[in-house]
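Inspection log for the structure reproduced underneath, given as structure tokens.
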Amino acid sequence: MSKIMLAPMEGVVDYLMRDMLTQVGGFDRCVTEFVRVVDQKLPKRTFYRLCPELQQGGKTAAGVPVRVQLLGQHPEWLAENAMTAVELGSPGIDLNFGCPAKTVNKSKGGAVLLKETDTLYRIVRAVREAVPADIPVSAKIRLGFEDKSLAIDNGLAIADAGADELVVHARTKTEGYKPPAYWDYIARIRQHIDIPVIANGEIWSEADSKRCQQVSECTDLMIGRGALALPNLARCIRYGEAPMPWAEVADLLIRYSGYEIFGDKGRYYPNRIKQWCGYLRRQYPQAEILFNDIRRLTDAQAIVDVLARQSSQNHVA
Ligand SMILES: Cc1cc2nc3c(=O)[nH]c(=O)nc-3n(C[C@H](O)[C@H](O)[C@H](O)COP(=O)(O)O)c2cc1C
């Protein structure tokens, strides 16, 4: 049976979203938003903030393991902080070599390292040597920075350095998030290395997942935006389940209002629900209507009222 991972998405897939989506189900693993490592050992609270699941055995409430993701350029500091994450209970370490953000690239880390095959090797090796052998270390890459010429070399370096798994987001940094994803390139990397390769990018439906598996020659998949657009996408892929009806999505959106982030002055829910609507629009025309109805609302209860009204109309219909 193929494995399905929930992709890390900074500012989107946080603890609460991981909790919700893994309760919907179909996922084998999650990855946190990145912990940025520069030149120091980070305090424990940084890890707990980005990965509250560490306080519950490194798993979501639904029991899905969550791997801490690190981003940075210094092998020693990454290794040092990987050890902290593991000491706090992270069931694995994921290394981010794909983040396109400018500020990240200026201080190095993320996709810019795809131009430095040797640095990738040194980072993976340092982290692999630092953490216990039974703790998996994965790396997440894009196909390159500006072009794909180093895609295979980078994959080889990461595998040679001892990574246990490689996730490939099938685009360069320059290609951003623009379709298509070049799944055939994942197959080329896979043919050269013998660690499991996980295919990622542009999987929005069960049909996409099948085509991605065929073209990438990978059985294991990672899905990000697709799971936000269609909350039961992992179950559609795994069990051939039908897409979740809008009424159930509306119930999920209401349930999400029960979550609170301490100290955020009530802005968390209104902001996040609008953001989530942006993804849901791709699958559900109702999300567009909802977005327009709540666009100006800044109060969680007012948004829940709109949702409840819509939801009761849906149930009657
Ligand atoms: C808003 C946003 C935030 C992201 N944050 C991260 C991140 O923190 N770490 C990472 O490795 N990838 C990050 N990604 C990339 C995703 O994990 C994934 O590789 C990409 O979205 C392609 O997969 P998808 O088509 O299934 O969404 C982010 C993507 C988006 C859209």
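Just so you know, glycine gets a Cβ as well, placed from its N, Cα and C.
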Item checked: Binding-site annotation, TrEMBL, FMN: partner of K140, N200, G201, E202, G224, R225 in Q56, Q69, Q301 -> Q69
Check: At the Cα level, what's the spacing in Å between K140 (FMN binding site) and K274 (site 'Interacts with tRNA'), rounded?
Finding: 28
Check: What does DSSP call K274 (site 'Interacts with tRNA') in the simple three-state scheme?
Finding: helix
Next item on the list: Mind computing the max CA-CA distance among Q69, K140, N200, G201, E202, G224, R225, which the record assigns to FMN binding, rounded to whole Å?
Entry: 21
Item checked: Where E202 (FMN binding site) sits in the secondary structure, as DSSP reduces it to three classes -> coil
Next item on the list: Round to the nearest Å and give the CA-to-CA distance linking R295 (site 'Interacts with tRNA') with Q69 (FMN binding site).
Entry: 33
Margin query: Taking only same-chain residues 6+ apart in sequence, whose CB is under 8 Å from that of E202 (FMN binding site), what do you get?
Written below: A170, P179, P180, A181, D208, C212, G226
Next item on the list: Can you tell which of Y177, Y279 has the least company, meaning the fewest other C-beta atoms within 10 angstroms of its C-beta, among these recorded sites?
Entry: Y177
